[in-house]
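Below you'll find the structure, written out as structure tokens, and then a few comments.
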Amino acid sequence: MQRGKISFGKIKLNVNVPPAEPRSNETEAEDAKESTEASGNGGGFKKMDKEQMIRQIEDVAEDLESQHLKEVMGISGFGRKAAKVFDINEQIEKARVTRPGMDKKREESKPKEDDQKDEEEEDVIGPLPPAVTTDKEKATKESSKDEDSDDDDYSSDEDSDDEQSLAKRIPYTHEVQMQHGSRAVLALAGDPSGARLVSGSIDYDMCFWDFAGMDSSMRSFRQLQPCENHPIRSLQYSVTGDMILVISGNAQAKVLDRDGFEKLECCKGDQYISDMSRTKGHVAQLTSGCWHPFNREQFLTAALDGTLRIWQGLKSKEQLQVIKTRAQGGLRTNAASCNFNRDATLIAAGCVDGSIQTWDTRKMFVNTTHCVRDAHQKGSEITSIVFSYMGQQLATRSNDETMKLWDLRQFKQPLHTWTNLFSRYDTTDCCFSPDDRLLVTGESLPKGQAEANLYFYSTKSYEEVQRIPVSNAHVVKTLWHPKLNQLFVSCGNGTIKCYYDEHRSIRGAKLCVVKTHRKRQPMEMVGVSQIITPHALPLFRQEKSRTSRKRMEKARMDPVKSQRPDLPITSGQGGRVASSGGTLSSYVIRNLGLSKRVDDDQDPREAILKYAKDAAENPYWIAPAYKQTQPKAIFSEKLPADEPATKKPKTEADK
């Protein structure tokens, strides 16, 4: 039984012939005539009219043109897609041969490249040979036995392998030294992007280091004293890296921008108010401070007034919250260090009495969330308190020569305590490695020791992984930058050392080492001799060519050329003062004393004799006054030469 093909899109079932329509007798006769003509021609060509020939030629031309256009444009056709044509007989035969589920087995048993060939040649594929499965099972059994037998060996060697891998992770193959000054560097901070570094010392100076702009000489591009005569205790970049928090020995913290210009200075509290929560700021020396982990306008400060204060905003300059630290008896104790955890849900403070106190930022700061009273020796400052990057561990460094590691889930006892870590400065700190597998701290130089060391401890096995000798001075600050993978260590002699790995570290100090320092060429000293040219003399000097506007301005300034009129008569300075003056004293002085001045070069005798004849003829001052009493002038007699100029006056006794 032969079935016709089904075409989808326009579904037609044996519709090659259109449906029968009622025909007239005339149409039937014409069809019969055409069939007889076709049979008579023996299957030859039909006779076409001229119009039919032209239509077919145009159709063929259009088909060729459209096919060429499809090839150029890279498309399959215009308009609707052609309907696919399926053969029903072929589909039925395939359905009989293939059973449900056989295709999946074929795909699993053979690769995809041979599936097409196998489906055409073979209909059924048998199961895989059993030898393959038995080999796999044997291999898996043997491997499992080997793993079980080697478990003990691996467990014994795990610690040594971890220590070796941790030692390789420390970037200290190369070393670069930067000179800050001659005094101890107490503060060290790095930009979050790793482009810059800032340092502060006990000699009040703060230096800015730019790795992209420095050469092998490693000189800072800016040095300033932001807090005048106060040592810099702590520095920290904000989360965005555009501001720097400066904690000094003053009671007021400062915020600087990246270039060192002051943006904010905190308020100072009233020291005569006993309740510290009612003051607007700290009233004693600052000890520590840090930025909020993700809020760029919020930071935390701690001081010796027994409070921690949270500051919000750069414009308001007002504190947001006040946290009081309490000792065991309820008395006030001072916080020596403070810090936020990574998600800013906890604030931790290391106090002078050796206690560790934490507060939840989502609650009121009345009671502590965690409080460990005997965390360190009483009376020794906790110089550093640092959260791990994961936020589950806490490390503290104290002046009691110990460093402790704590777990926040079990906060009563420390996980481990490292001893014999001498620290002389109250800013000595510790830090975690970027993967939280190492804990790093430095020591001050003890007596009888040549060099101070930098220690690396494992946070899992608590063993010493590496010890690096730094210098013959105290090690104060340590900074392990997570992006640069470089270690920065500040020392007590004013130097900052940078350790990096040639392969594991990126940018930072590696950019400066490759740049050679260009020395300035010494300038030759040439004796300066005076050269006089004719054009320099006033006689031969020519005026410079100027524009008409400048010439007019200069002429306007000249009172002669501009024909300035006389200034008004005033008694003040700058005007044409009246000849008689504005007051009686000025009138007397000008008319009687200074109106007729006597020159120093003139002979006074000649000046007087000039008026002698006039005075004798027309006496006005002296002659009329003595005319009645002494009409004849009496002059002094000439004394003999032997007599002294002054004689002793005669008395009545002598007479």
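Numbering starts at 1 and runs along the chain as it is shown here.
Backbone N, Cα and C define each Cβ position, glycine as well.
Per Swiss-Prot, compositional bias 'Basic and acidic residues' is recorded for 23-36, 91-115, 134-146, 554-564, 639-655. Swiss-Prot lists 147-164 with the feature compositional bias 'Acidic residues'. Residues or ranges marked as region 'Disordered' by Swiss-Prot: 1-54, 83-165, 544-580, 633-655. What Swiss-Prot records for 180-219 is repeat 'WD 1'. Marked as repeat 'WD 2' by Swiss-Prot: 227-268. Residues or ranges marked as repeat 'WD 3' by Swiss-Prot: 281-321. Residues or ranges marked as repeat 'WD 4' in Swiss-Prot: 330-369. The feature repeat 'WD 5' is assigned by Swiss-Prot to 377-416. Residues or ranges marked as repeat 'WD 6' by Swiss-Prot: 422-467. The repeat 'WD 7' feature in Swiss-Prot is assigned to 470-510.
Note: the compositional bias 'Basic and acidic residues' (554-564) comprises 4 helix, 0 strand, 7 coil (DSSP; helix = H, G, I, strand = E, B).
Same-chain residues lying 6+ beyond the ends of the repeat 'WD 4' (330-369) with a Cβ under 8 Å from its Cβ atoms: 287-295, 300-308, 321-324, 375-387, 389-391, 394, 396, 398, 400, 406, 408, 426. If one looks beyond the repeat 'WD 2' (227-268) by at least 6 residues along the same chain, the residues whose Cβ comes under 8 Å of a Cβ in the stretch are 186-193, 195-196, 198-206, 208, 280-296, 299, 301, 303, 305, 311, 314, 317-319, 427.
With DSSP classes pooled into helix, strand and coil, the tally for the repeat 'WD 2' (227-268) is 0 helix, 21 strand, 21 coil. For the repeat 'WD 1' (180-219), residue counts in helix, strand and coil come to 0 helix, 17 strand, 23 coil, using DSSP. With DSSP states grouped into helix (H, G, I), strand (E, B) and coil, the repeat 'WD 3' (281-321) comes out at 0 helix, 23 strand, 18 coil. The average pLDDT the prediction assigns to the repeat 'WD 3' (281-321) is 91.
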